[in-house]
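Have a look at the structure below before the remarks.
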Amino acid sequence: MIKYIGVFAFLVGGFCHDFETVISNQDPIVDGMRLVEGDMLFDDGPLFTERNAVKYDQQLWPNGEIVYEISPGLRQYEQIIREAMRTYEDNTCIKFRRRTNEADYVNIHVGDRCYSRVGKSFRGGPQPLSLGRGCTDFGTILHELGHSVGFDHEHSRADRDEFLIIHKENIKNGSEHNFDKLWENNTRTIGPFDYDSIMLYGAYAFSKDTRKFKTMEPVEPGLPMKSVIQKGKLSYYDIVKVNKLYKCPPVNPYPGGIRPYVNV
């Protein structure tokens, strides 16, 4: 049975800004890795463009087990972080285990923005997942954990132009690269395009004016494009894709065949 925790139950401590309005619009180097599309870290160099789901099995967590450590600065948010982890655990074969002395782990800490390494680092050792101001709602934590599991943004898929209209004229200056598409021959694309995915930003992401100008909208008119914080849950196909990537046993997260709209 799929288990969801609604986003609004976890808007605590004043960190309730939509992270799509606070993520970086540049590609700096953070901990020796390149920050791409605002919140994803990749090992700097030619491999950092090879994205969607991670391409190489070495970037998957062995046996689907992700070792983590939560910094003391996030103690008041530990419950919501664990609830987000349990959402993956309850619906996929991914497991999160608190670190004892393991060398390879996700270091969940308070940074100056929201970001995560995508998949397991080739280099090994600790890899950052930052939950700064505006990053501690349930949907955003699910999103950043999705990067740690191994997924890129849905709006960067090589086939995204079949499903999304990108309004380049509405993108704020310096943020255009956040809408670059993946290279089709350098990515592992899994499943159909999913408008409900927690890995898809909302219609106003990186907008010059988030009250007026959409930067993305569905090709099919009338379909909603909620922000990550508004979604606040994994979609059916988020779950299917994780299970496929990690070769999990079959799972039916929607008993009775109830599924959200997905453009196949």
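Note that Cβ sites are derived from N, Cα and C of the backbone, with glycine treated the same way.
Not measured: the values here are computed from a predicted model.
Record features, source Swiss-Prot:
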{"type": "SIGNAL", "residues": "1-16", "note": "signal peptide"}
{"type": "DOMAIN", "residues": "52-249", "note": "domain 'Peptidase M12A'"}
{"type": "DISULFID", "residues": "Cys93-Cys248", "note": "disulfide bond"}
{"type": "DISULFID", "residues": "Cys114-Cys135", "note": "disulfide bond"}
{"type": "ACT_SITE", "residues": "Glu144", "note": "active site"}
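Distribution of Swiss-Prot features across the structure.
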{"residue": "Cys93", "record": "disulfide bond", "DSSP (3 states)": "coil"}
{"residue": "Cys114", "record": "disulfide bond", "DSSP (3 states)": "strand"}
{"residue": "Cys135", "record": "disulfide bond", "DSSP (3 states)": "coil"}
{"residue": "Glu144", "record": "active site", "DSSP (3 states)": "helix"}
{"residue": "Cys248", "record": "disulfide bond", "DSSP (3 states)": "coil"}
Let me know the model's mean pLDDT on the domain 'Peptidase M12A' (52-249).
93
Among Cys93, Cys114 [disulfide-bonded residues], residue with fewest other Cβ within 10 Å:
Cys93
Could you measure between Cys114 (disulfide bond) and Cys93 (disulfide bond) for me? Cα positions, answer in whole angstrom.
25
Ranked by the number of other Cβ atoms within 10 Å of their own Cβ, which of the disulfide-bonded residues Cys135, Cys248 ranks first?
Cys135
So if I draw a 10 Å sphere around the Cβ of Glu144 (active site), how many other Cβ atoms end up inside it?
27
Between the residue listed as 'active site' and Cys93 (disulfide bond), the C-alpha gap once rounded to whole angstrom:
18
Pop the Cα-Cα gap between Cys135 (disulfide bond) and Cys93 (disulfide bond) into the table, whole Å please.
25
